[in-house]
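Visitor: The region 'Disordered' annotation in TrEMBL covers 78-104, 120-154. The compositional bias 'Gly residues' annotation in TrEMBL covers 91-104. The compositional bias 'Low complexity' annotation in TrEMBL covers 144-154. TrEMBL lists 174-282 with the feature domain 'DUF4253'.
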Amino acid sequence: MTRGPSTKAPNLRSLAASAALPPGTLVDRTVLGRLPEPLLWRADAPAGPDGWERLLPVRDATGLWPVLLGTHVRGTAVEDDLLPPPRGGDGRGGGRGGTGTGTGAAGVLAAWWRRHAAREPGGRRAGGIPALRPYGTRPPELAPPSRAGGDPDAAAAGAARALVTRGTLRRPRAALVPAARSADIPAAIGWSGTLASGEDFEGYGAVLRSWEERFGTRVVALEPDVLHLSVPDPPRTRAQALPVAAEHYAFCPSVVRQGAGSISRYADRWLTGRSLWSFWWD
């Protein structure tokens, strides 16, 4: 069963008490103190390869969204650095976590593109800025929606399994979040992973919702400063991958600056055919 966004998020405390869950902890503590209501439920035992998938029946019964939580190499857990969600906009059905539109994401990505492009070296070279190739400083259009019709839940289960079996996630724990949709999970728990960017999380939320709508992505795992998304129908050709790669650069320029070197190379080597998208801010 593939679940789309709901209009109202559930009460975590009551649903966690009624659901058939393994031993776990309700997390209500943020860096600014405790909240009257918990932000998430987290299993006490480490997650196995099927840890995300095993929570799908709970999601379908309660509306709580599953996500895997990893730990930083220094030992910091995601739940150690949570921020209080903004009042009236916590990703639970309204405010900054409400339903987004492609137009909002387009504006956010265009603004970020211009900002990142202005900081790239080599702007006066013949052929333009190397990191932006094959694009220039003008923001490209949004990538068109995927039309292949893959199953987002199956893709997310596969991505979660890969993250655990390959050891990508350190000390992974399965969690449940009261969010209106998967894209709202980071905002709903006050995830602080993008703080190093200096950008307001409202923009990230708009892009995540747009990707969910256009590509069927799911927020499958979070580390303290890393976001992992699954995608059921990844780009299969260079022509399909390039506009998506441009969005990834605007969303998180580290994917190009710390590895690929250019959007073109990122599209070819890191994006085409890949059903797991990872972004980091450090």
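The first residue you see is number 1, and the count goes up from there.
Every residue, even glycine, has its Cβ placed from backbone N, Cα and C.
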Visitor: By DSSP, how many residues in the region 'Disordered' (120-154) are helix, how many strand, and how many coil?
Guide: 6 helix, 0 strand, 29 coil
Visitor: I'd like to know the mean pLDDT over the domain 'DUF4253' (174-282).
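Guide: Averaging the confidence scores along the domain 'DUF4253' (174-282) gives 96.
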Visitor: How many helix, strand and coil residues does the domain 'DUF4253' (174-282) contain under DSSP?
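Guide: So the counts come to 56 helix, 20 strand, 33 coil.
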